[in-house]
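Visitor: Shown below is the structure under consideration.
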Amino acid sequence: MEVEAVCGGAGEVEAQDSDPAPAFSKAPGSAGHYELPWVEKYRPVKLNEIVGNEDTVSRLEVFAREGNVPNIIIAGPPGTGKTTSILCLARALLGPALKDAMLELNASNDRGIDVVRNKIKMFAQQKVTLPKGRHKIIILDEADSMTDGAQQALRRTMEIYSKTTRFALACNASDKIIEPIQSRCAVLRYTKLTDAQILTRLMNVIEKERVPYTDDGLEAIIFTAQGDMRQALNNLQSTFSGFGFINSENVFKVCDEPHPLLVKEMIQHCVNANIDEAYKILAHLWHLGYSPEDIIGNIFRVCKTFQMAEYLKLEFIKEIGYTHMKIAEGVNSLLQMAGLLARLCQKTMAPVAS
């Protein structure tokens, strides 16, 4: 993956005008200073500042313009901007009344039926003066963590207070939301962010925070983020705070996952049918304490971009997939991983004449 400094454009971020607290900048690692997390400091405040998922965000912009918002469910992987999008929508709709007319709950903590009966119902009953056509908004983050009983109670509450209140649910998997709630909501789906989209935001933050970096450092951050903007910014800030410089070595010290260069070398040995050298690297990663899930995940991600014959790459990915399935089912021994390497080496060997 080649890293290009993609800056500006729709992905440009502005620091919030109403930051709850300033970020006091001192030398990285120095004690006695408070640093606002960059995830919060550079959180978008307007819908047009959100990176990625342009089609879905444009639908939210239509809701914000027209003011007639349905109940909505936003489903997608972590760190793609689901909660931020809902907050931006609420800010655009409610304006100065945001504090009084919005209730935000994290359903992974407040997940029981009592929360629906007490907090949500009491807020829905409150009278708030709003412009014509505007409604109070209740945001339920991690809504797929709610119990079935709480979701059934929420369904009834959504019906009773539909004239005054709108519900916005953010979740990772929409299939964990019961059908009656899904049928009452517009379901919007977010996908993982691309490397270029993450790079755009990283470059903007790097410029504002004056972070020294190398291209391989940015490549490492994007590799470890896996389409998650929150993780990318957290890894960037953690590496800068700990080392003051962004390069691949420092990033992998912070993220601590199997180094892709080692994994790449291991795959190269498999392509060369050198099982002994490949196993040495696997055993080294195993004894460093990495879980089989971490190792197999990185083998797959490195293999996708590895330069080899296309037919061979397809065979490799098929074997990696089978092994990943066995590991997920609980068969996660070193022997299982060694068997994968043996099968990969076998794919590259010329058949023995009988």
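Every residue gets a Cβ built from N, Cα and C, even glycine.
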Visitor: Can you dig out which of the ranges 1-29, 30-58, 204-232 Swiss-Prot describes as region 'Disordered'?
Guide: 1-29
Visitor: According to Swiss-Prot, one residue in Lys99, Lys163, Lys176, Lys318 is annotated as N6-acetyllysine; name it.
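Guide: Of Lys99, Lys163, Lys176, Lys318, Swiss-Prot lists Lys163 as: N6-acetyllysine.
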Visitor: Out of Lys304, Lys313, which one does Swiss-Prot list as N6-acetyllysine?
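Guide: When Swiss-Prot is consulted, N6-acetyllysine appears for Lys304.
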Visitor: Determine, to the nearest whole angstrom, how far the Cα atom of Gly76 (ATP binding site) is from the Cα atom of Lys304 (N6-acetyllysine).
Guide: 23
Visitor: Other than its own, how many Cβ atoms are within 10 Å of the Cβ belonging to Pro78 (ATP binding site)?
Guide: 14
Visitor: How long is the line from the C-alpha of Thr80 (ATP binding site) to the C-alpha of Lys163 (N6-acetyllysine), rounded to the nearest angstrom?
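Guide: Given the Cα positions, Thr80 (ATP binding site) is 31 Å from Lys163 (N6-acetyllysine).
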Visitor: Determine, for the ATP site, the additional residues of the same chain whose CB lies within 8 Å of the mean position of the CB atoms of Gly76, Pro77, Pro78, Gly79, Thr80, Gly81, Lys82, Thr83; present them in sequence order.
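Guide: Near the ATP site, the remaining chain residues are Ala170, Asn172, Tyr190, Asp228, Met229, Arg230.
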